[in-house]
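Taken from TrEMBL as is:
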REPEAT    127-161  repeat 'PPR'
REPEAT    162-196  repeat 'PPR'
REPEAT    197-231  repeat 'PPR'
REPEAT    267-301  repeat 'PPR'
REPEAT    302-336  repeat 'PPR'
REPEAT    337-371  repeat 'PPR'
REPEAT    372-406  repeat 'PPR'
REPEAT    407-441  repeat 'PPR'
REPEAT    442-476  repeat 'PPR'
REPEAT    477-511  repeat 'PPR'
REPEAT    512-546  repeat 'PPR'
REPEAT    582-616  repeat 'PPR'
Amino acid sequence: MLLKIKTDSNHAVQGTTRALSSLSSLFTKHPLQNSSAIPNNKPRFQNPQNPHLLGPKDFEYFVRHQCKSGKLTLNDALTYFDKLIATQPSPLIQTFNFVLGSASKLKCNPDVFSMYRKLNVEGIKPNLYTLSILLNCCCQLKQMSSGFCVFGEVIKRGFEPDLVTVSILLKGMCGDGKVLDAVQVFDKMSERGFQGDGVIYGILINGLCSIGHPAMALELLRKMEKSGFRGTLMTFSMVIDAFCKDGMVDEAASLFSEMVSKQISPDAVVYGSLINGFCRLGRLKEAVNVFDEMVSQGLTPDLVMYNTLIHGFCQVGMWEEAMKIFNRMVGKGISPDVVTFTSLIDSLCKEGKTGEAQRIFDLMIQQGAKPDIRTYNSLLNGLCLNSQLDEATKLFGLIVDKGLEFDAFSYNIMISGYCKSWKIDEAFQLFQKMHDDGIKPTAATYNTLIGMLFQSGQVSTARKMFDEMHVYGNSPLLSTYTVMLDGLCKHGHIEEALDLFRSLESTNHKPSIEPFSILIDGLWKAGILEEARKMFNQISEKGLSPDVVTYNIMLSGLCKNHMSLVADKLLTEMEENGRLPDSISYNVVIHGLLREKEVEKAMNRLEQMRKRNFSADDGVTSMLLRLAVKDEQCRAALESLPDVI
């Protein structure tokens with residue numbers, strides 16, 4: 001079995017009978033009315049002026065001819081259907097199928113159902129193809145419960161579902177988001193002897209890839225090959241692309257090599273998937289290698305591929321390499337678009353090169369590429385990061401003149417810029433304008449303003465803003481709680497911070513180490529020692545592990561409260577728990593040990609620190625020099641470590 005999921009393994013097939021009630025009017029029982037066979041000779045007309053004056057057999061030929069021509073309108077189909085159904089003896093069901101099929105191709109699905117009901121009333125029984133047309137209509141309407149109804153009628157009437165019928169059903173299920181159910185139905189049918197073909201396997205493989213199950217898609221591809229159907233470029237491409245999108249680029253590359261070994265020539269699409277996959281993981285050298293291999297195979301890279309590489313290098317700050325690819329692209333006669341320019345501008349701005357970013361922006365205008373809001377946001381962010389707030393304000397006004405609509409990110413950039421420049425009034429004016437323009441503030445908006453209010457000592461206003469988030473339908477993120485906890489602790493509101501921390505535990509936010517670190521630091525600074533140590537011990541109870549920052553907070557708190565021996569023991573435990581101490585860890589403990597005259601232990605830690613290429617900070621160095629004058633043990637220890645200071 002390919003699938004083992006929680007739902008009843010037989011529900012997809014067995015449910016067809018139960019679902020019949022919703023379409024019971026379509027499947028009333030009537031005796032079969034036999035119709036005469038149409039002679040095999042060709043029609044004796046080409047385009048009669050009045051087809052309704054033709055005899056029954058000639059009229060059938062005419063209808064079939066019109067349906068095959070693809071020129072049939074819905075009005076024609078309905079008119080011909082009414083004429084056919086009034087004909088005696090009844091025409092063959094195949095002729096009705098032509099009309100139903102034509103209406104289905106016109107997406108007139110309700111009319112198909114209406115015509116089918118009339119067939120039922122007249123006692124004209126469907127064949128498998130009739131029901132397949134009906135099933136296809138249900139799938140197009142995404143009414144899969146009705147689709148299973150029709151499929152149940154196929155079984156009920158004793159028809160053996162063929163490849164066409166099954167492919168329609170499975171494609172409809174996949175299109176309706178029921179991919180796993182579709183695979184399960186196929187599994188059950190396979191157990192009962194149904195043999196799928198390359199088309200059906202392709203439908204299911206594509207469905208699994210579309211919902212992010214590349215491993216299952218590959219398993220189905222293997223099953224397809226074992227059934228005697230050779231994988232195609234399309235099937236391999238789908239699975240390779242899904243692996244890349246899922247971050248499993250090594251698996252994608254391995255499947256690519258297998259595809260090539262099977263003499264399936266890759267196209268630009270599959271190369272593009274690999275390039276994108278490597279770029280997303282920052283493996284740019286491999287992405288370039290794939291790009292070069294594609295070119296060596298005579299395939300021409302398009303704008304999307306160049307943009308992928310440019311964006312990849314920009315993401316890791318390698319804007320010079322990005323510019324080389326840009327120049328190569330232009331040299332090949334490919335015109336950059338807004339995505340290309342925005343990637344370059346964003347990268348340059350983050351590097352603080354706003355002047356060069358502005359030159360790229362000007363080039364963009366010269367070449368006729370129209371900047372969008374993302375382009376302007378990148379420039380705004382760069383100017384604010386570079387403390388060019390006046391220029392950012394001018395650009396912000398220019399965006400309005402260009403007829404572009406601000407988004408929340410635009411406002412957040414400017415609000416953050418004003419806050420960093422301590423222009424709190426301007427920040428809140430923009431916050432109000434954000435409301436006036438009908439743009440909902442995000443958690444990032446509130447985080448910036450709440451943080452600024454705490455920094456300026458406006459604790460009560462910060463509290464009100466936090467409460468306001470709920471009023472306006474903004475649920476605080478974990479980052480918002482972190483900003484609040486930090487602000488409350490720094491202003492000595494420890495009890496309030498503890499209450500907020502407890503309320504955080506009742507939310508759906510996943511536990512994080514950062515709130516613990518903030519509270520532990522606040523408790524130490526407030527002199528609530530036992531509570532700080534208790535909270536540190538609670539970290540493991542929540543399934544978390546202290547990081548280096550948390551350990552350093554604890555080490556500093558212990559040493560400042562004359563518990564350097566406890567801190568020294570914790571430093572050992574820290575390393576045993578897989579957290580390597582950093583320079584801060586060693587300096588804090590050494591300083592504490594020296595202050596408490598634990599010279600031998602301090603020297604041992606000093607030696608460890610030097611072996612790890614960490615240096616003593618100014619505080620430790622000063623204390624060592626003072627102690628060396630008075631303490632022979634310290635002086636001797638220093639002489640044995642000549643490079644310490």
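Placed from the backbone N, Cα and C atoms, the Cβ positions cover glycine too.
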Within the predicted model, mean pLDDT of the repeat 'PPR' (477-511): 91
Long-range environment of the repeat 'PPR' (442-476) - Cβ separation under 8 angstroms, sequence gap at least 6: 408, 411-412, 415-416, 419, 422, 424, 427-428, 431, 434, 483-484, 486-488, 490-491, 493
Spatial neighbours of the repeat 'PPR' (267-301) far in sequence, C-beta under 8 Å, 6+ residues away: 233, 236-237, 240-241, 243-245, 247, 249, 252-253, 256, 259, 308-309, 311-313, 315-316, 318, 321, 332
For the repeat 'PPR' (267-301), residues assigned helix / strand / coil by DSSP: 26 helix, 0 strand, 9 coil
Residues from the same chain, set at least six apart from the ends of the repeat 'PPR' (477-511), whose C-beta lies under 8 A from its own: 443-444, 446-447, 450-451, 453-454, 457, 459, 462, 466, 469, 518-519, 521-523, 525-526, 528, 542-544
Residues of the repeat 'PPR' (372-406) by DSSP state, where helix covers H, G and I: 26 helix, 0 strand, 9 coil
Composition by DSSP (helix, strand, coil) of residues within the repeat 'PPR' (302-336): 26 helix, 0 strand, 9 coil
